[in-house]
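One structure is given below, encoded as structure tokens.
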Amino acid sequence: SGFSMSIYDVTSRSIYVRWPKVSGASSYQVTATAVNTVGHSLLAHFSDVTLKGTLTSLIPNTIYAIQAEAIDKNGIILAETQILQSTAPDIPVIDQAYSKISNSITVEWRAVPGATSYLLTAQDGYSFTETIVTNSPGTVMGLKPATLYRITIRSVNAGGKSLPSPFRKAKTVLAAPILSVSSPSCDSIAMSWKAVYMAAGFSVSLMRSDGLGKMLKENTTNTSLIFTNLDPGTLYTIKAYAWNVNGLPGDDFIYNQRTSPNTPVDVQVAFNSGALRAIVSWMPTEGALTYVVTASSGFLKLKCNTSFASCVVPSLQCSSEYYVSVTAYNDAGSSKPTDAVSLKTIPCAPVNLSIEEHEPGHLLVSWSRVNFGHYYVVFVKSDDGLEVHCNTSHTQCHFQSDCGFTYFISVFAYNKAGQSPLGDVFNYTTAPCCPSDVSTTFMSSDTVHVTWAPVRGAELYETRAVGWSDAVLCNDTATACTLSALQCNAQYNITVYSFSEARGSNTSCASKYVATAPCSPEIKNISKESLSVISVHWQSDNEEATYIVTARGEAGLWHCTSSGNSCTLVNIPCGSAFAVSAIARSSAGQSLPSYTVPFETAPCCPNELILTQVAQSVTNISWSVGMGAQTYVTTLESQKGQAKCHTLQNYCLLGCITCSTNYTVSLKAISETGLTSSCTYQGYSSSACCPSGVKLYRLGNNSIRVYWQASDETINYHTDLHGSKGNFTCSPSPGLSHCDITEIPCGDVYTVVVSPVTDKGPKLTFCPKKIYSVTCSGSSVGMVIYRGKSNAE
């Protein structure tokens, strides 16, 4: 248990085995029996200290059953094991060994039965190289040139490999020279190489790769060589090898080399002015793979690479002169550059443009001179689309311009190559046009409204009124402006200026002369010339003005006109308050009214005055309202005395009146401010005096006599009796102081009044009333009894 055997080497006739030590074993026995060959077996004994052994004299390429047994000292088998193992094929025999390539040797041999492959070995001193091949011939690679090797071969199968064959000596050939090849010119190829070990000389041949022409061959002991008079731009095949002192050639070195191309011809240069680039073309050159176009201007070089016969050189600079050449290239090198062709580009856009307007309507455009610029064209386009231009060889142009336009100005330079690129486009805005149809309208004496028609280019308007001592201005975007706070009675130059943000103000606009209205008069005094006439005085500062004075009140308007400094208002009503003002009027307009001066006329006298005697000593005076009067003072005056009354009403009671007396009547109407009008009226006579001592007496026949004492014998009287049973009157004959009333009913109470009779109006009602009782005596009047005065008394 655990006893095993392994193979550690096999040859054509030997098998090498090993086994582990078995405890108690005194010897080991190994038997090899050919599996497919009858009667061929081999037995070998080994001591207990030997744990490996070799079975020899075996048949090559044969499978053996190998059995190992561990035996103790009594001859008893303690352990055993068995494996199958084939021997290697028989040893090959080398027929020949030779070298055709400097890093290998080729070996030829006869095939060995049972060999599945062969192991070739090339040994150089202590180094060797092995290669496994499957059949003859076989080549050992990786060898050193010009070196002598010992060559052996061993056959190999699944069982192992045979012993090496008898060696053969073989030497590798010389290494190939490694050429460094170039074409220094379009008709030559130069080559050089390093020395080759053991080389005595070199052979180099050259021929067109397309097979045309003849082959050129040179033998040399040098390490460089040059072939001339070759075709430009043509591919050549070069073959080179080294040979030793015996003349044996070494490896070939084969290299394809093209001669450099010839210089291109018929170079044409066309300039594209719009894109600032040059289009260069030429005739194709044999063998050229690429072309390089070089455009040189001073230190600046621009290049263009192409495989075609034309190329575009971009990004040229304006106002420059370039020298253009073409060089052909292939893998061998470059041709000589063509003769340079001069190219002048278009001029640059003019710079330092300036635009000046020395006077309105004339523009001067100037600029700096441009290299290679032969002449210039200036384009001026207005914002309404109209365009004009100017051709010149100088550096300035004159143009007509209109107000309120924006002009877009560009300048181009020209030469034979074309037009310069577009430079900066300048815009110039002329001053806005001056407003036209300026109209002025005075809104008041110090305010004028100015209007005008809109004009092109104006964004803002300034209206300026300039007088002798002041200036008034107004800014607005509208086409109207109102100038206020002008001085009266002054002359102004009114100018409307137009403004634009781009150009500012047009200062060439014409002015319009206007004169302001006269100043307001200042009323100095108002005087009363008569009852209905007043004079107004003012201060005048304008000799050409006409002054109009107006008195305005509830009673109406009164006017007067004068060119001086005063005028008179007539038919002014009494009792009225007026606001008096004045204005001045001239061809320039009308002034503002002066400050109003109040003026009041004296109150009017009442038109009607009525005196009514309401008692023997009291008279009532009433009157119509006097315009403008606030209080009244009435006076009755006679030689006997005076009666006066001051009242707010339009009536008054005056006492202490003497009857039968003539009075003068006067009235004063007084205004709120104290103005007084004295009014006189027709005289007044008080009524006759009432009689005194009125008594009642009974007469016969139902009659009653009324008796009194007359104050004046020339006065007639009238008697009234009023009772419940009837009213009775009687009037005596002139000069009498009594009268009789007949058929008066008795048994009644009578009120008796005796009044003087006047020819001016109704009878007086204020004389005393007395009460009497008339009794009856039967059916006749009885006693007459005095009862006293009436309650009204």
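Cβ atoms are placed via backbone N, Cα and C, with glycine included.
Residues annotated as domain 'Fibronectin type-III' in TrEMBL: 88-175 (among others). Each residue of the domain 'Fibronectin type-III' (88-175) gets a DSSP state, and the totals for helix, strand and coil are 0 helix, 47 strand, 41 coil.
The feature domain 'Fibronectin type-III' is assigned by TrEMBL to 176-262 (among others).
The residues of the domain 'Fibronectin type-III' (263-348), classed with DSSP into helix (H, G, I), strand (E, B) and coil, number 0 helix, 50 strand, 36 coil. What TrEMBL lists as domain 'Fibronectin type-III' is 263-348 (among others).
Annotation comment: TrEMBL describes 349-433 (among others) as domain 'Fibronectin type-III'.
Residues or ranges marked as domain 'Fibronectin type-III' in TrEMBL: 517-604 (among others).
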For the domain 'Fibronectin type-III' (263-348), mean pLDDT (0 to 100): 93
Counts by DSSP class (helix H/G/I, strand E/B, coil) across the domain 'Fibronectin type-III' (349-433): 0 helix, 46 strand, 39 coil
The domain 'Fibronectin type-III' (176-262): DSSP-derived helix, strand, coil residue counts: 0 helix, 49 strand, 38 coil
Tally of DSSP helical, extended and coil residues in the domain 'Fibronectin type-III' (517-604): 0 helix, 51 strand, 37 coil
